[in-house]
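According to Swiss-Prot, the protein carries these features:
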{"type": "ACT_SITE", "residues": "Asp11", "note": "active site"}
{"type": "BINDING", "residues": "Asp11, Asp143", "note": "Mg(2+) 1 binding site"}
{"type": "ACT_SITE", "residues": "Glu71", "note": "active site"}
{"type": "BINDING", "residues": "Glu71", "note": "Mg(2+) 2 binding site"}
{"type": "ACT_SITE", "residues": "Asp143", "note": "active site"}
Amino acid sequence: MQNTIRIIGIDPGLRRTGWGIIDTLGNSLKFVASGTVTSDGEMDLASRLCQLHDGLADIVHAHKPDEAAVEQTFVNKDAVATLKLGQARGIAMLVPARAGLPVSEYAPNAVKKAVIGVGHGEKQQIHMMLKILMPKAEFKGDDAADALAIAICHAHNRGGHRMRQALAG
């Protein structure tokens, strides 16, 4: 008998960190919740990171996921922006890890491929497929939609991902 696994997908960002929670049982996906944690751009960096930490910690505490998936970040031409995004991503990985959850990472093209079938697609294609895969899904904005897509990617890949982690030691 299979158990339902609750997955939180996290799309890290310093201004807005999207989160999406799904339940998966076998091949079935069920929307649970989604949203965005924001930080105040007028505050210093440390305070903004605290806001992201506290917001994500509240979500993890309220929804009690079993596993987490975080999108890997890309390097852009602005080194300072890349560094800040990396710090927000660190918070996105730290919060579920501190709650005892296994945390997996996925490249953006792997997320798109899992949801829309190709590694390069538009946001509207992701939104459309989310509604097809989970008709009751509700999301406001790209960040929450991306987070749900990350959770779906993990649901599709979690068995192989666990095996690779076990083999890596």
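Heads up, the Cβ atoms here are built off N, Cα and C, so glycines get one too.
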Is Asp143 (Mg(2+) 1 binding site) helix, strand or coil when read with DSSP?
helix
How many other Cβ atoms sit within 10 Å of the Cβ of Asp143 (Mg(2+) 1 binding site)?
23
What is the number of other Cβ atoms found within 10 Å of the Cβ of Glu71 (active site)?
24
